[in-house]
Amino acid sequence: MPPTAPRTAHLTRPRIALLILLAVALALPTVADWMGEPFYVRLATRILVFALAAVSLDLILGFGGMVSFGHAAFVGIGGYAVGILFAHQSDGSTLFGLPGTVNGLIVWPLAMLAGALAALPVGAISLRTTGVPFIMITLAFAQMLFYLMTGLKAYGGDDGIALWSRSTLPAPLNIADHTTFYYVVLGLLVAALALGWRLVNSRFGRVIRGAKDNERRMAALGYPVTRYKLVAFVIAGALAGLAGALLANATMFVGPQYLHWSRSGDLIVMVVLGGIGTLIGPVLGAAALLLLEEFVPELMDLAHAGLGEHWKIVLGPVLILLVLYARKGLWGVVAGRRP
Amino acid sequence: MSAPLLSTDSLVKRFGGLAATDGLSLSVAEGELHALIGPNGAGKTTLIGQLSGELTPDSGTILFDGRDVTRLPVHKRAQRGLARSFQITSIFPSFTALDNVALAVQAHAGHSFRFWRDAGRDRRLADPARAVLERVGLGARADTRADALAHGEKRQLELAMALATGPRLLLLDEPMAGMGPEDSARMVELLQELKGGVTILLVEHDMDAVFALADRITVLVRGKDLASGPPEQIRNDPAVREAYLGDELEVA
């Protein structure tokens, strides 16, 4: 009888790639400072925030086969949790008899809770279907929430809420400082990746992956599949909520556009671009999409004024090429074929 | 005689005007290997669907282990010990053979809301899974991805997964479908070994296999029980010969 395959602790190509990525992420603020381009730190922070949202989507899309086209709604709701509590704090009013707050240790967990609580009914209903109907129902729910936020006149309606200050964290973490905030976001992303990694390899993760492979067989084996998928959906909602809280802090703003379906589409693009079902891939996908969005229009405008707004003409072919030639996306290209 | 492990009473399932199951009353005794045969379109697959819970009958009841399971969803029946294999191989293609079976073991090892420990290193899953793989003769293929297995091996894996749930009743839907003579012979041998240890309801087209294995045979024609009894009786039943078996039986 063959022994279980020994787990190699060698520096395999994916491990080297991970180490390099981590090194780049850690060194980035120093390098940006040295280059005299502090703006890069804020851009990188945005990338990490969207990476967190994309990773949370990959948990259900990549591992559970749940193509949610409304994931940005949970990001937006997390952002609103921060924004609404900020608004109450700034004008001294109360919400359900409680004062507002900007304490990150309170509002960030609340943002996660809000994301999870929103994901619960959406998932419970959407997961009664699969395939295209699932995509459409999650999209419909997200648009409902989008219009709900548009109609929230007390919280800015269409205009959203401008934040004058970031959440506060216990000393010595002063995230009003861009570099400190960057490292806090990086830490949370790494923690989320580690959690996600444990999750997909746990018994729970196996059920989710099994359901993606063959849901009918899972039921025949005795698994109440929908229950497990729903829990995964809620966990992803909570992580998206956290990403929303961080996004509000990164941009100092929350608005309905965070929940718009095109944002959900962006998240799917990040996952596909980076590598479905790889966890780390969506981080690369987020970086690629946001960097393209940042620099391609500028370059195109240089070539011909006004051309920049059509930058997606570049994104389209890039996506098609990746889908055709790199089935595990950018991470597949970086890490090589894994056995 | 004690109460049967599985029984149906006046089961009816219609698709439009067609009664695929037409007032069927069937009983499978504890410990027996009960074969279900019948020509194509006799309603065997529809019956399996109702027994496993994927289809809901229009009327009639299904009793399993003394309890009414007619309206019970698939996974709850499976939890009570009703395991099935599929006619068209239904495995987890991106998992290894071992992990396929481990997933079956896990289904009956308490709930799976366990989020932290690496299930791949959990010997409580891997050890029983490996034992079942050895039992069906797939021990050497444990670490092969399921979609890379040969057809016969996939059929073995299919059975291994059903077995690994520690079932009280195995519903085997044409386990020899698409198998060559060698693989079929192995499968017959394996079922021979399982017989007695676990109750089996076997749907199969291979008459040699059926008559070699079955304690009792039910002949299904147009959704009805044409005849039920031990192999000898079925072999000599004139109605069965006329309706279905014909020349095939001469060979058997």
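Glycine is no exception: its Cβ is also placed from the backbone N, Cα and C atoms.
Sequence-distant contacts of the transmembrane segment (A:43-61) (same chain, six or more residues past either end, CB-CB distance under 8 Å): 25, 28-29, 32, 67-68, 71-72, 75, 178, 181-182, 185-186, 188-189, 192-193, 196, 199-200, 208, 229, 232-233, 235-237, 239-240, 242-244, 246-247, 250-251, 266-268, 270-271, 274, 276-279, 281-283, 285-287, 289-291, 294. Taken from TrEMBL, the feature transmembrane segment applies to A:43-61 (among others).
Taken from TrEMBL, the feature transmembrane segment covers A:68-86 (among others).
Annotation source TrEMBL lists transmembrane segment at A:106-127 (among others).
The transmembrane segment annotation in TrEMBL covers A:134-155 (among others).
Within its own chain, the transmembrane segment (A:180-200) has Cβ neighbours under 8 Å at 22, 25-26, 28-29, 41, 44-45, 48-49, 51-52, 55-56, 58-59, 63, 166, 169, 173-174, 208-209, 235, 239, 242, 246, 249-250, 279-280, 283, counting only residues six or more beyond its boundaries. Sequence annotations record features per position, and here TrEMBL assigns transmembrane segment to A:180-200 (among others).
What TrEMBL records for A:230-255 (among others) is transmembrane segment.
The annotation transmembrane segment is assigned in TrEMBL to A:267-292 (among others). Long-range contacts of the transmembrane segment (A:267-292) within its own chain (CB-CB distance under 8 A, at least 6 residues past either end) are made by residues 18, 21, 43, 46-48, 50-51, 53-55, 57-59, 61-63, 67, 69, 71-72, 75, 189, 193, 196-197, 200, 311, 314-315, 318-319, 322-323, 326, 328-332, 334-335.
Listed by sequence, the residues of this chain that lie at least six past the ends of the transmembrane segment (A:313-334) yet keep a Cβ under 8 A from its Cβ atoms are 17, 269, 272-278, 280-281, 284-285, 288-289, 292, 296, 300. The feature transmembrane segment is assigned by TrEMBL to A:313-334 (among others).
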Using Cβ atoms and a strict cutoff of less than 8 Å, what residues sit near the transmembrane segment (A:106-127) while being 6 or more residues removed from its termini? 66, 68, 70, 73-75, 77-82, 85-86, 134, 137-138, 141, 145, 167, 226, 229-230, 233-242, 244-246
The answer for the transmembrane segment (A:230-255), taking Cβ pairs under 8 Å and residues 6+ beyond its ends, is 42, 45-46, 49-50, 52-53, 55-57, 59-60, 63-64, 66, 68, 71-72, 74-83, 104, 107-108, 111-116, 118-120, 122-124, 126-127, 149, 156, 158-164, 166-167, 175, 181, 185, 188, 192, 199, 204, 208
